[in-house]
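Scroll down for the structure; my scribbles are underneath it.
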């Protein structure tokens, strides 16, 4: 019988820490529900003690997830463990994940304790967590740089205290595959009570080894992999869920293990996370990159036409990537749009069909032909825009020449009332439009990030603008999508301002018209 590897997804905890701006609770829940459909065994969704916002998002997700175990992180500190329990207790099934650093560097420099003290703290933390649940995971942070004797000692103590999963993280992505596999093998062979717990691994990609290290660990006895969608995470990222899952599936002959992941959901979840997290996927990214199933070489194309197995070790359909259909136009009905979304694996509850169809018709009038990837972008950008936007972009025009400064005319609607202004100056039309919008709203905003990506191909491709702005010491994310770059830039700023209104309850900007 094939062994099963537990997939522990930490996109919403370790992955989210790497984002330029935090996700909203609604966006986190959307991702959590997608992860549930993907079939992850455990999803780690936050660090409840870190902020009230994190506590509430963990609690909201815990309330909604029925077919996966919901986990939350806590340091080996009573208040952390108590907060994790309070946030998780509404869940159908939950896990408390507690950790403490184990490497000499961390123990001496950060904790300023002896290793004996650290073992004692780990034991106390696991025991406290066991008061709340019989599913407790213990991690020795920076295990990759911890001596093997100390790893075995703290793992044995944690299991004796009641830990049911023991995680051996390569926190800084320091290990090479054989070295890391040897650590796991020694834990498996030297810890006398190891049969009472699952060995877990959590790898970072600083040297590009996260996937290789995780798979080598499985070959040496690990039965849980901690990973994120698209490999998002701090610094160079975490182990990529899609890479380890597909490696174990495609090379089951060699690995001899399986997961309960529904791989046909991979493409869909990957796209959702990329859009909502404002983290573009590199084109040559394994499994989910836009080039992953593209064959540009003439020899490859010839081979593919004769027999696709010549250069393709897995089919795009395995990850839920369907062949592109081209025939969506302004004459296409709602059923056609719904059908295309269904072909890509999206259920009706994933998006608002009315809003998507309205947005589709506007785009189809401009582009003529709309592709599946356009629909996908429209569905998820709309999801981010939210229902309670006070500020709406009504009209826009911008003009720029070499001889004269750029000019812009902008008309906004605030709570239904029209506001309009013109601006002259700025470094090009986008800058002029931004100056006009900021003049109208009277908000003090500093732009800290601006990114433009093409969604689709050709001159009529959609341009997606992602921005991060700073207002009163906080960062807000905005995203806009249009065939015109100036329009998508304006939509992104309006989106960010609506986020500011919701977060800070800024005074009605109509008062600024009189100043």
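Backbone N, Cα and C atoms are what each Cβ position is placed from, and that goes for glycine too.
Site annotation for Mn(2+) in Swiss-Prot covers 14, 202, 204, and the matching candidate from 150, 160, 230, 238 is 238. In the three-state DSSP classification, residue 238 (Mn(2+) binding site) falls within a strand.
Summary of the Mn(2+) site environment: with the site residues 14, 202, 204, 238 set aside, the chain residues having Cβ atoms within 8 Å of the Cβ mean position are 10, 169, 171, 203, 210, 226, 227, 228, 233, 234, 237, 239. Shown are the binding-site residues 202, 204; the one with the most C-beta atoms within 10 angstroms of its own C-beta is 202. In the region 'Regulatory domain' (392-515), helix, strand and coil residues by DSSP number 39 helix, 53 strand, 32 coil.
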